[in-house]
Amino acid sequence: MASTAQTPTNRLVHLPHFAIPLGIAGLGGAWTAGVLVLNAPEWVDDTLYAISGVLWLVFSAVYIGERARHRGAFRSDRESAASGAGAAFLPVVGILLIVHFGRYMPLAAARTVCWVLVTALAVVAAQLLAHWLTGQLTFQQLHPGYTLPLVAGPFIAAIGLASVQAVSAARAALGVGMFFWVVIGGVITARLITGGPLPERVLPSLSVLLAPPATGGIATFVAYPGPIGPLQLAFFGVFVVMALVQIALLKAYLCLPFSLGFWNFTFPVSASANYCLRWLGETEFDGRDGLAWGILGLATLFVLSVAAATVRDLIAARRRR
C-alpha cells in the first residue's frame, strides 16, 4: 500500500530544477534562429538541445521516481503556491525538444510524440486552473510564473504543433494562449501593481513577463508563415514594452543574491533572442548581422554565466559537507 504524501527536504529534484533544461532548450532555439538568419553552425543548437534532453530525462526519471512512492506527492507539488506552476515545465521542455529532434524522425512518429506532450501539458494546465478557480490561491501568492502553464505553454504548444505540420491545431493553441494572456495576465498585473512587492525569492519571475510576447511571436511566425501581419505586429509591440520594463528592472535584479531561481531568467532571455533574430531575418539593413550576432552572443553568455555560477555553488556545497 502506498504511503501518505510527504514533503522531505532531501529529495534530489524539485519542480524549479526543470527551469534548467528549459533555459538550455530556449538557448538552443535561439541558435536555431541563428542558423536560419546567420548561417550559424548547426552543431551548437544540436549540442544545447542534447544537453537539455539529457537533463530533462534524468530530472524527470528522478522526480517521478521520488514522488511515485508517496501518495499525493504529485498533487502536493502541483498545488504549491510557490512552485506549482512549474509542473508545466515537464511537458513544455519535451515539446521544445521534439521541435528540434522531430526533424530527425519520421513525421508520423514526431507528430505522435508532440501530441502526447501537448495533451500532457493540457492536462496539467487544466488541473492547475481547476485548483486556482476553487479559491486555493490567494491574491498575494500570485506572480508572473503563473503565466507559464496557460499562456506561454499554449504558445509553445503552437510552435510544437506547427513543427509537425499540424497548422490548424497550432493556430487553435495560439488562440488559447492569447485568451489566457488577457485573463491571467490581467489578474497578475493587478497583483503586481496593488499587492505590494514580491518576495525576493520570486522576484526573478518578473522576467517571465517577456515570455508570452516572445513565444507568442515565434508561434505566429511558424503558424502564419509569409508576410508580417497585424497579429505579429501586435506581439512585437507588446514585446518591446516588456523588454523596456525589464531594462528598468535591471537594478533590482542586480541586487539579488545568486540562487537556483536565476534559471527563471534564462528562458525569457533566450526566447527573446530567438524572437529578435526572427524579426531581423525579415529585415535588410547595414549592420543587421552584427546586431543579430550581438543579441545571440549576449543571450549565450548570460545562460553560460548562470550555468557556471550553478556549478560553482554545487562545488562549494559539496566542500562544506
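Glycine is no exception: its Cβ is also placed from the backbone N, Cα and C atoms.
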Among ranges 172-194, 218-240, whichever one TrEMBL labels transmembrane segment:
172-194
Do any residues, 6 or more residues outside the transmembrane segment (48-65), come within under 8 Å Cβ-to-Cβ of it, and if so which ones?
12-15, 17-18, 20-22, 24-25, 27-28, 31, 90, 93-94, 96-97, 100-101
